[in-house]
Amino acid sequence: MASKASVAIVGSGNISTDLLYKLQRSEWLEPRWMIGIDPESEGLKRARGFGLETSHEGVDWLLGQDEKPDLVFEATSAYVHKAAAPRYEEAGIRAIDLTPAAVGPAVVPPANLRAHLDAPNVNMITCGGQATIPIVYAVSRVVEVPYAEIVASVASVSAGPGTRANIDEFTKTTSKGVEVIGGAKRGKAIIILNPADPPMIMRDTIFCAIPEDADRAAIAASIHDVVSQVQQYVPGYRLLNEPQFDEPSVVNGGNHVVTTFVEVEGAGDFLPPYAGNLDIMTAAATKVGEEIAKELLSAKVS
C-alpha cells in the first residue's frame, strides 16, 4: 500500500509554488509533478529542485502520461480549470480547485471539512473566503444572520496576474460562499488591493447582521472557537481585537451588527509573510487534500 497519495500541481505561479512547500511537509501527500505553461517560471525551477517531474506543456501533457496522480491541485485561472475539470474526472483524478471556477462544491475547513470528501472536484473558494467565511459560520451557528458583508484587503504586490484576472469571479464566488457555507441569508464580498509600500499584511473585516436579542457572549465564544480551529493550519491567523457589537444606525443599515477584524500572516514558505492571502489558500487546500488522501488510502487497503 502506498503511504501517501500522489499529487500533481497544475500552475506554476505564486500560489502553486507556495503550495509545493506545504505539500513537501505533508504526511499524506506526495507531490510528484508540477505543470505550467512558462518553461522559465520560478515555480517549475523550484519543483525540479525538489525532484518533481515538470512540464510547461499544460494539462495535455499530464493527462498523456502513463502514470497519473491520485489528486491534482490546480491554481491557474477560473476559465482554465473549467475546461480541465471534466478531463480530470474522466481520468479518475480527484481535483482540488484553488481558482474561483467553483466547478465542484466549496470547502472551508472549520465549516464543512468532511462534507465533500467523495466529490470528484472541490473548490477552495478564494483567499478572502477562506479568511472570512469561518467567522460568518461562527456567528450563524449561534444566531440567524440575515446579511453578512466581508472586506478583504491584501497587499497589491501579492496579487499576481491570475488574481487580477479573476476579480469578478472573486466577488461572486466569495459572496456565494458567505451564504452557502457561512450561513448568511445574503452575502456580499469586496476585495481591496492595497498598494502600500512596505506591503501590508492581509486584513479582513467581517460584518454580520444579528437579531436584537442575540446572545453576544455566545457569539464571541463561537468566533474564538473557530479562530482557534483555523490557527491549527494557519498559525498566523488571528483576531485583531474582540468582536464589536453595534446598535442599529444609518451607517449599518438599521441592523444590530457584530463586526470582526482579523489578519492573516503567512508562514513565509515561498512568499513573504505579508502574503497571508495566498498562505491561507494553500494551507486550507493542503488540509482538505490530506483528508481526501486519508479516505483514498484507507479505501485502497480495504
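Going from the start of the chain as shown, residues are counted 1 onward.
The backbone N, Cα and C atoms fix where each Cβ goes, and this holds for glycine too.
What Swiss-Prot lists as NAD(+) binding site is SER12, GLY13, ASN14, ILE15, SER158, ALA159, GLY160, PRO161, GLY162, THR163, ARG164, ALA165, ASN166, ASN277, and the listing cites sequence analysis. If you take the C-beta of ASN14 (NAD(+) binding site) and look for same-chain residues 6 or more apart in sequence within under 8 angstroms, you find SER158, GLY160, PHE270, LEU271, ALA275, LEU278.
Annotation source Swiss-Prot lists active site, acyl-thioester intermediate at CYS127, citing sequence analysis. All protein chains shown were included, and the count of other CB atoms within 10 Å of the CB of CYS127 (active site, acyl-thioester intermediate) stands at 30.
Secondary structure at ASN14 (NAD(+) binding site), taken from DSSP and collapsed to helix, strand or coil, is helix.
Counting every protein chain shown, 24 other Cβ atoms lie within 10 Å of the Cβ of SER158 (NAD(+) binding site).
Annotation: GLY162 carries the greatest number of neighbouring Cβ atoms among the binding-site residues GLY160, GLY162 [cut-off 10 Å, Cβ to Cβ]. Between the two most distant C-alpha atoms of the annotated NAD(+) binders (SER12, GLY13, ASN14, ILE15, SER158, ALA159, GLY160, PRO161, GLY162, THR163, ARG164, ALA165, ASN166, ASN277) there are 17 Å. ARG164 (NAD(+) binding site) has a Cβ environment of 11 other Cβ atoms inside 10 Å.
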